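Here is the structure we will look at.
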Amino acid sequence: YLLQDQFDNLEKHTQWGIDVLEKYIKFVKERTEIELSYAKQLRNLSKKYQPKKNSKEEEEYRYTSTRAFLATLNEMNDYAGQHEVISENMTSLITAELTRYVQELKQERKSHFHDGRKAQQHIETCWKQLEASKRRFERDCKEADRAQQYFEKMDADINVTKADVEKARQQAQLRHQMAEDSKAEYSSTLQKFNSEQHEHYYTHIPNIFQKIQEMEERRIVRIGESMKTFAEVDRQVIPIIGKCLDEITKAAESVDHKNDSQMVIEAFKSGFEPPGDVDFEDFTQPMKRTVSESSLSNSRGDGKSEPKFGSKSKGKLWPFIKKNKLMSLLTSPHQPPPPPPASASPSAVPNGPQSPKQQKEPLSHRFNEFMTSKPKIHCFRSLKRGGAGPEDFSNLPPEQRRKKLQQKVDELNRDIQKEIDSRDALTKMKDVYIKNPQMGDAASVDHRLAELGQNIEKLRLEVQKFEGWLAEVEGRLPARSEQPRRQSGVYEAQNASGVNSCAQDRESPDGSYTEEQSQETEMKVPATDFDDEFDDEEPLPTIGTCKALYTFEGQNEGTISVAEGEMLYVIEEDKGDGWTRIRRNEDEEGYVPTSYVEVYLDKNAKGA
């Protein structure tokens, strides 16, 4: 029974060891899941803050600070990859290996305890055989004694016949022989049991216990090695993680505030000269005052006089300057707005660059205009809010115009190179067809070659055109004194070729002029003076809603990006120029192509 108790204890202990091993496997498996989840979250975080392609946000990453942030995002992606490596290595080196080892351990444990039970059953069987032989020997001895006593009794009795006495004697001899045989069998069985018992306790059971002990020790060693591997897997990725952190530090150290500031200056540098001093105007004779040539109030005179160049250019030099409305009326030139982006209907044309109907007015009249009316000037607003500008970018400041023209020239040169490469490839293909007619018809590529030649010629003409404008800008840009006259000259040329410079060749998201001609005549206040003030007014009310049919990436200033299926508010209908003004929230509004949205107008708002 003591041996059986030990087997039970060993069985319980070894089962506990297997449970510990399985618990450790579960722990490592959960750790790998945490590592995978952490890596996934890091990747999603890095992806979330990556700049969107072909968006304004992507342009912001030219600064050193934002490039450093982008490098940080990329390194975080690599950092997440190392946590995935930890998960993979722990799964392959620990979880998978220990799971397989546990199955082998269970089979080995089962085999050892089966051998132990088999040995126990064998010794128990031997013991039972010994006990049976012993009882049989004891019984035969008692039977022999009784038979001997009976024979002696019969032999002493004179009344018993001789035959009965002989029978009793034979019976006694038989029983005595049976007792001797039982004694010999019992002795043999006893010797055999003692031998089996000695082998059981000194050979079989110690061997089984030794195997169980070795099995348990291997389990303990294996779990210790797994714990060591657990640490080594982490330690192996530390150098790579350290490199990721070093790269983040290196990116942070590359941030150059001076360079970023210079890039901002280059991006927004206009090339305009500061305005000159405002001349003194003598109002001692209100109706017959003499206005100096450089005074800004003489812009209401004849638009063809030469001094107007100076007054126009002075208004043009600082179009984004913020002035109060009174100073705008007193000092700003009544010049036409900057050249429109594309054509508009002739009905939207005001009275030309310098309307002959506009005469010099008393200061009190101009002040009354300021106090009683709100000008609605759309030409400059359309320029400012990013409509489709003119082809030569003449609506931009000189420096910005030069950059745009250079970009356009580079883009056209790339297109020309692509067409040339395609033409060269087709030419080689045609040569192959000529040499090997069975491969194809050489005449089949002639039409495409002709198209490519025409495309290349068109693109080269475009390049020449833009290079001419670029040369004009680069030739005049350094000579600051010529800049105002050149700007005015552009306006004069446009006014001479079209009806006026504010609405002709217009294709702005803001729409063409919708005000009456008389209103435009009365309200000839420059857009450069009132535009900022106009923007500070109350926001336009919504007149309906719209649903985006397609995704639109607002590249130009004044437009707004929308995603397919997005619902937005309509604040201004399409005026016939193909653009609709929408609002997403209080801070985001702009123009989108009308064909990109499905508009649902509010009937009450539309009627109003």
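Cβ coordinates come from backbone N, Cα and C, glycine included.
TrEMBL annotations: computationally assigned, not manually curated.
Here TrEMBL gives coiled coil for one range in the set 55-86, 151-182, 439-470: that range is 151-182.
Helix, strand and coil counts from DSSP across the domain 'SH3' (541-602) read 3 helix, 30 strand, 29 coil. Residue counts for the domain 'REM-1' (395-472) under DSSP (helix as H, G, I; strand as E, B; rest coil) come to 72 helix, 0 strand, 6 coil.
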